[in-house]
Amino acid sequence: MESENQTCVSEFILLGVSEDVLLQPLLFGLFLSMYLVTFIGNLLIILAIITDSHLHTPMYFFLSNLSLADICFISTTIPKMLLNIQTQSKVITYAGCITQLYFFMLFGDLDNFLLTVMAYDRFVAICHPLHYTIIMNPRLCGLLLLASWIMTALHSLLQSLMVLRLSFCEELEIPHFFCELNQLIHLACSDTFLNDLVMYFVTGLVAIVPLTGILFSYSKIVTSIFRISSAGGKYKAFSTGGSHLSVVSLFYGTGLGVYLSSAAAQNSRASAIASVMYTVVTPMLNPFIYSLKNKDIKQALKKLFSQETFST
């Protein structure tokens, strides 16, 4: 009986942020603008790093990958949302929903692991500056990036396969603007104990372990900075990790805010609105944080724009 119910499911209904017809044009314009700003901003960061040889260092190598992950992360949800608003259709196919879930978790987790690797990079740069080039060699950087991809791919695959084992009945409306794991599990009419167990345990592990690594790295960084006698040396050391620390605070701050608001909210629609901060606003603000706080990125962007102006 369960297999029949599951095979009968061909599509889900994404209710979106709001069902108010009058708000749809406003939502379309707002989310399209945020998507374009995010896409262009992160793309400029990537181009600036590629074109400027001075930025061919481990720190900016990971930053370029973070920008790429942010582009892919927001592209898993917003284009489909915009298409649904434009076509006045809220349908997403079963296969499309599982695919969206997989890539959403993949690039979201990749952001998490890349921020951890970048924290380790700053730890080595500040606490072991004389051995930085030896420790953060191209081989290690490649292995850290590969390990991040493998772990996130395996986690996303595990959660997606766990959803595939569920049976769905008549209630197929998702009170969200994308296929979110927790919402899909709540829609299932089969036993979800194993799914809940895997979701909370593995997702908690994927979140806590990287966060622990970041906190450990910055505790060592702060201790090392306090040992520096000159004020100029302290400022220089802190400025090298200031941008990354801001992005980390934004990433985990919005993620925690979404989790707390979801737990306190009486309906899932409020959770969907809160998750906009985590899924859209954070990737959009990252390029601004790095371009405003980082002199090297500023100079690289100026060179990039001057080259474009000169070529035209």
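Cβ coordinates are placed from backbone N, Cα and C, and glycine is handled just like the others.
Under the heading domain 'G-protein coupled receptors family 1 profile', TrEMBL lists 41-290.
Per TrEMBL, the feature transmembrane segment maps to 26-50 (among others).
The transmembrane segment annotation in TrEMBL covers 62-82 (among others).
Per TrEMBL, transmembrane segment is recorded for 102-120 (among others).
Feature annotation from TrEMBL assigns transmembrane segment to 140-158 (among others).
Residues annotated as transmembrane segment in TrEMBL: 197-216 (among others).
Per TrEMBL, the feature transmembrane segment maps to 237-260 (among others).
According to TrEMBL, the feature transmembrane segment maps to 272-292 (among others). For the transmembrane segment (272-292), same-chain residues at least 6 beyond its ends with a Cβ under 8 Å from one of its own Cβ atoms are 15-17, 31, 34-35, 37-38, 41-42, 44-45, 63, 66-67, 70-71, 73-74, 77-78, 175-178, 180, 243, 246-247, 250-251, 254-255, 257-258, 261-262, 265, 298, 301.
A Cβ distance under 8 Å defines the sequence-distant neighbours of the transmembrane segment (26-50), meaning residues of its chain 6+ beyond its ends; these are 16-18, 56, 60-61, 63-64, 67-68, 70-71, 74-75, 78-79, 81-82, 85-86, 280-281, 283-284, 286-288, 290-291, 297, 300-301, 303-304. Tertiary neighbourhood of the transmembrane segment (140-158): same-chain residues 58, 61-62, 65, 101-103, 105-107, 109-110, 112-114, 117, 120, 198, 202-203, 206, selected by CB-CB distance under 8 Å and a gap of 6+ residues from either end. Confidence annotation: the domain 'G-protein coupled receptors family 1 profile' (41-290) carries a mean pLDDT of 89 in the model.
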